[in-house]
Amino acid sequence: MSANSLSNLLVYFAIFLSSINLIFFSFSLTESKKNSRVSRIAMSLTWLIGFFLLGGLILRGIAAQRAPWGNMYEFAIASATAIVFTFLIIALKKDIEWMGIFIIVPVILLLGSAVVVLYTESGPLVPALKSTWLIIHVSAAIISYGAFTINFALSVVYLLKIKGKFKTLPSAARIDEFSYKIVLFAFPIWTFAVISGAIWAESAWGRYWGWDPKETWAFITWIIYAAYLHSRVTVGWKGSKSAWLSIAGYAAIVFNFFVINIWVTGLHSYAGV
């Protein structure tokens, strides 16, 4: 079996296990006991999912003989991997098993779209992508996407919590504060991704910024999360207002990835499906 085929198989296994894990996390969400048997099984499966995705990503890189995020399919797999491991790393320090179902759903949707809509065979990069900046810029984007997904999940949980749902979860105030800390972590990385993208654009196209559709939406995303932090610090926006701003920022990320990449022609079109 080739490295590319084995990579695909590991991704399929990850999707299968994620679907099963949806059931375990659903049960653990309603449990009042921490570290219950169901929660432990769910977290163990999540580690397995993460390693399957990481293995699939590494094998994809071996098959292509390059960094494994040169097209939308690979970027989707890398982003799903980042989401899973961001959640797992945080879980080593904090009791966040209750978040699992809100993390695994975006992962399933992202992986499903990757294999059904975005899949393309591994191959060499187009000339514009053959740069060290591919590793620097895209790695930063992937890490920030993983963290922003956690923030999005927390925002959804917060809005459900204040509606009286999931009474076994931590208080709404704790969820809101945790969500804020995630943005504090992710925003500088996203800022670096935007800046490094501009530097790469100058070396590739001779200009730092050209308001290409993807650049524009990356900047819109930056503005939304900057507004989130600014409004929280200066005018004390917390709770629902902050949660909705976070959701708007994540919606901009999803729109940029799926709509702009697939349907809008621009200088970044070479990185599409």
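Each Cβ is built from the backbone N, Cα and C atoms, and glycine gets one as well.
Only residues 6 or more beyond the boundaries of the transmembrane segment (6-29), in the same chain, are considered here, and those with a CB under 8 A from a CB of the stretch are 36, 38-39, 41-42, 45-46, 48-49, 52-53, 55-57, 59-60, 63, 77, 80, 97-98, 100-101, 104-105, 107-108, 111-112, 114-115, 122, 166, 168-169. Among the features that TrEMBL reports, transmembrane segment is placed at 6-29 (among others).
The feature transmembrane segment is assigned by TrEMBL to 41-63 (among others).
According to TrEMBL, the domain 'Cytochrome c assembly protein' annotation covers 69-268.
Residues or ranges marked as transmembrane segment by TrEMBL: 75-92 (among others).
The transmembrane segment annotation in TrEMBL covers 99-120 (among others).
Long-range neighbours of the transmembrane segment (132-160) within the same chain, counting only residues 6 or more positions beyond its ends whose Cβ lies under 8 Å from a Cβ of the stretch, are 67, 69-70, 75, 78-79, 82-83, 85-87, 90, 98-99, 102-103, 106, 125, 166, 169, 172, 175-176, 178-179, 182-183, 185-187, 189-190, 192-193, 196-197, 199-200, 203, 225, 239-240, 242-244, 246-247, 249-250, 253. What TrEMBL records for 132-160 (among others) is transmembrane segment.
The transmembrane segment feature in TrEMBL is assigned to 180-201 (among others). Nonlocal intrachain contacts for the transmembrane segment (180-201), taken as residues 6+ away from its ends with a CB within less than 8 angstroms of a stretch CB, comprise 131, 133-134, 136-137, 140-141, 143-144, 147-148, 150-151, 154, 207-210, 215, 218-219, 221-222, 225-226, 228-229, 232, 238, 242, 246, 267.
Among the features that TrEMBL reports, transmembrane segment is placed at 216-231 (among others).
As annotated by TrEMBL, transmembrane segment applies to 243-264 (among others). Residues 72, 75-76, 113, 145, 148-149, 151-152, 154-156, 158-159, 176, 179, 183, 213-214, 217-218, 220-221, 224-225, 227-228, 231, 237, 271-273 of the same chain sit 6 or more residues outside the transmembrane segment (243-264) yet have a Cβ under 8 Å from a Cβ within it.
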For the transmembrane segment (216-231), what are the same-chain contacts with Cβ under 8 Å, counting residues 6+ beyond its ends?
148, 183-184, 186-187, 190-191, 193-194, 197, 237, 241-242, 245-246, 248-249, 252-253, 255-256, 260
